[in-house]
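J.: Just passing along the structure, written as structure tokens.
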Amino acid sequence: MISTDAVAPAVDVKGEAGDRAATGNIFLVGMMGAGKTTVGRLLSHFLEKTFYDSDREIQKRTGVSIPTIFEIEGEEGFRRRETEILSELMNARNIILATGGGAVLSGVNRAMLKHGGTVIYLRASIDDLWRRTRHDKNRPLLQTSDPRARLAELFVQRDPLYRETAHIVVESGKRSPRHLAQSLAQQLTISSRTG
């Protein structure tokens, strides 16, 4: 069992993240099931920014589901498409983008995100992630004989990359998405004013 007891403070703003959030882009990173899409939509409403979800953008452009892309092109093909979408969205302004859980696997993606806006890592425990994803058949990486163990492996692999990329780390497990988004919006607004 992976211990997730030692977690970051609820909101930890580093450096000029608040300034970037007030005028620029906000990118949400984290594991599948962390709440990126739900919190991102709410945060976009509170901060009056346009919301995008990279997985949905890929689906809109290809006309097929993520599992179908994995089946036809493999994970490598999907990751290539993900990088293309991220690269295009880096030209946008005043957006909130929920990235796919594996977006941080690419060093190119990590650099684009880190330098293109404020990166918020929505972190949740393995138990919370499992509870949110265990019945979702649209998660190709969890279609294994032991999906919970696979989720734990992905967490161990990706957590350091999320932390490396993020300007802000937020525990998303125990608060409602609305409360979390309100708290983030307030903190980002305060940080941009006191910068």
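Glycine is no exception: its Cβ is also placed from the backbone N, Cα and C atoms.
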J.: If I go by Swiss-Prot, which of GLY33, GLY35, GLY101, GLY107 binds substrate at the same site as ASP55, ARG79, ARG158?
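T.: Looking at GLY33, GLY35, GLY101, GLY107, the one Swiss-Prot places in the substrate site next to ASP55, ARG79, ARG158 is GLY101.
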J.: Excluding ASP55, ARG79, GLY101, ARG158 themselves, which residues in that chain have a Cβ inside 8 Å of the centre of the Cβ atoms defining the substrate site?
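T.: After dropping the recorded site residues, what remains is MET32, GLU82, THR99, GLY100, GLY102, ALA103, VAL104, LEU105.
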J.: In sequence order, what residues of the same chain, 6+ apart, have a Cβ less than 8 Å from the Cβ of GLY101 (substrate binding site)?
T.: GLY30, MET31, MET32, ALA34, LEU154, ARG158
J.: Between ASP55 (substrate binding site) and THR38 (ATP binding site), how far is it from one CA atom to the other, in Å?
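T.: Rounded to a whole number, the Cα-Cα distance is 13 Å.
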